[in-house]
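Visitor: Feature table excerpt (Swiss-Prot):
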| type | residues | note |
| --- | --- | --- |
| COMPBIAS | 1-22 | compositional bias 'Polar residues' |
| COMPBIAS | 107-128 | compositional bias 'Polar residues' |
| COMPBIAS | 159-170 | compositional bias 'Basic and acidic residues' |
| COMPBIAS | 359-373 | compositional bias 'Basic and acidic residues' |
| COMPBIAS | 500-514 | compositional bias 'Basic and acidic residues' |
| MOD_RES | Ser190 | phosphoserine |
| MOD_RES | Thr518 | phosphothreonine |
| MOD_RES | Thr521 | phosphothreonine |
| MOD_RES | Ser534 | phosphoserine |
| MOD_RES | Thr535 | phosphothreonine |
| MOD_RES | Thr536 | phosphothreonine |
| MOD_RES | Tyr538 | phosphotyrosine |
| MOD_RES | Ser541 | phosphoserine |
| REGION | 1-27 | region 'Disordered' |
| REGION | 104-138 | region 'Disordered' |
| REGION | 153-173 | region 'Disordered' |
| REGION | 195-237 | region 'Disordered' |
| REGION | 259-282 | region 'Disordered' |
| REGION | 322-398 | region 'Disordered' |
| REGION | 484-521 | region 'Disordered' |
Amino acid sequence: MSTPAIPQDLQLNPSQRTQSAFREQRRQKLKEHLLKRKTSFACKQENQMLLSDGDQRVRTSEGQIQEGKKVLKIKTEMADKENVGRPTGIKNNLTVEKNCIPLKPSNELTNSTLATDPPNSEDNNQTLPLLPVKDDPQSQHRTLSQTFHLKNNSKKKPVITEKPKHDANVPKKPVLGAYRGQIVQSKINSFRKPLQVKDESSATTKKLPATVSKATKPQPGDVSSITVKSDRASHMTSTTKFASTTSQIRHLVRPPIRSQHNKAQDAMKPGNSRMSANVTVQKGPREKELNTVLSGIKTSSSQDIKGDKTLSKSMAAGMVVRPASSSNTKLIEKSKSAGQRSHTTVKAAVDSRWTQPKETAEERKARLSEWKAGKGRILKRPPSSAVTRPEPETQNEQPVGSFWTTMAEEDEQRLFTEKVNKTFSECLNLINEPIEEMRHTIVDILTRKSQEKLKFGENIEETSAAEEKIQEAHTDDTGVDLESGKLEMENNPPRNVFQDCEKEQDDKVKDPTSDVKTPSTNTRAGCLIKYNVSTTPYLQSVKKKMQFDETNSAYKELKFLTPVRRSRRLQEKTSKLPDMLKDHYPCVSSLEQLTELGCETDAFVCRPNTALCGMFSEPDPTEEE
């Protein structure tokens, strides 16, 4: 079977890869890639060999660079539309290779150890040996300018490290009279009087223990060795100053005393600077440290003494032209006293610096008060105690008067509290143990009330007997009696509920048929009326108000009596009900039940219930013991 012919619309254009130009281009690319790998491999091998030797520099072969240039020319001549941006990238890569390969060993200057002496550090044009290090990954990408700066920095480092560290023993607080590390005699003379010292050697020996203790102070653990610093520079400056002063004195025939004194002060400055030089010792045993420190201090002190002697000799030689007078001797004495003062000031500064930590808080306060007194900052107080003597007397008189007034107030308060406590105790005793007189009064009140009720019942019987004895007429008579009783309740002052309760009981005893004709006749026969005994917060507040009234002081509690309707059937079964379903407040139907509840000393207020009969519709508050 033959393959079907593809229509012209669906045929693809012939690929450009089949063309000879593109094949040649791909062949050149492959050759370039292989050459690149070959050169990189050769460079790696050379680097490894140079690192193992440690003394040879890495150099690139000129043949490899020429081959790279040829490949670059071929790339630029080819016009490839698909790879327009490629030649520039390859060119950059080749230039990076060309620049970075010969400069590889120059970056080891940072990690190389250079052993150079300070005298030889002046030769800036000397070439330093290069020690290649494997640990520096950035060494492969450094330019010529970077290597040049690294060389200069490496040459400057030893010079910087050899500079003396003057900050090691400089005190934290500035020394009085010092200017730029040197003590100026003119500043000292402005605020300090010259101290009398026998000779200079005694001052230097006194300064010895302070410097020894400072030199033997423990250094940090990582410091391996400390170099002893020399005073060559200071000696040179001192000699030059001596020469200049002597020459000036010889030229002047009659120099003024002021200028000579200033020159003597200038000549003493190098000696002072020598005394304040730092003396440090190499790490070792304590005995060696002490010996070296002692020797250094002795040499410096002897040099100072020699300098002072030469100064005095030169001054004397310069003044030979002028006739001998007392001014020359005064000048020499002044120069000596200036030297002695400089030594004593250095010693005083050192001593004060070492004695400050031992000072206690009390000494500081005393020193502060003295300083304030010197400055005139003390609080002004009365000048004499004689003026202030009468003041305590007046102050004592005032408390005496206030004492008697407070005593009187305390007595009044005590009497008042005793009276109040007495009244409270009497009230409590009356509540707990009532007096017989009170009981008799209560009984009299109850009997009088009962007699009134009996009379009221007899009147009812007389009226009922006068009327017809028919049952209907009897019922009419009872209705009239009830209406008349209602009118009496409206017209008369409010009465106690106990009267109503006793009246009901009397009616029940005298006429058993009257139960049907009570106000509860309107309700069903299965219900009965009782009085609920309850209290409210309002009653408690009323009771507190009533306690202040003497007439009602006998009442213990104040409660409400409210008529309520209860079911007979449920009342019979209340004993079987749980406590949750029972009434929280007790209900009574007679005076005897109230006495059983222990409410003999309570006062009751009748609260009407509008849901029941009309007789309870109007509020009739009554109170009774």
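Even glycines carry a Cβ here, placed using N, Cα and C.
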Visitor: So how many of the residues in the compositional bias 'Basic and acidic residues' (359-373) end up helix, strand or coil by DSSP?
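Guide: Counting residues by DSSP class gives 13 helix, 0 strand, 2 coil.
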Visitor: Same-chain Cβ contacts of the compositional bias 'Basic and acidic residues' (359-373) under 8 Å, 6 or more residues past its ends?
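Guide: Residues: none.
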Visitor: Starting from the Cβ of Thr535 (phosphothreonine), draw a 10 Å sphere and report how many other Cβ atoms land inside it.
Guide: 15
Visitor: Please report how many Å separate the Cα atom of Thr535 (phosphothreonine) from that of Ser541 (phosphoserine), as a whole number.
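Guide: Pair distance, Cα basis, whole Å: 11 Å.
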Visitor: If you measure Ser534 (phosphoserine) to Ser541 (phosphoserine) at Cα, how many Å is it?
Guide: 15
Visitor: Cβ atoms within 10 Å, counted per site: which of Ser534, Thr536, Ser541 has the most, among these modified residues?
Guide: Ser534
Visitor: Specify the secondary structure state of Thr536 (phosphothreonine) as given by DSSP, simplified to three classes.
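Guide: Note: Thr536 (phosphothreonine) is coil by DSSP, not helix or strand.
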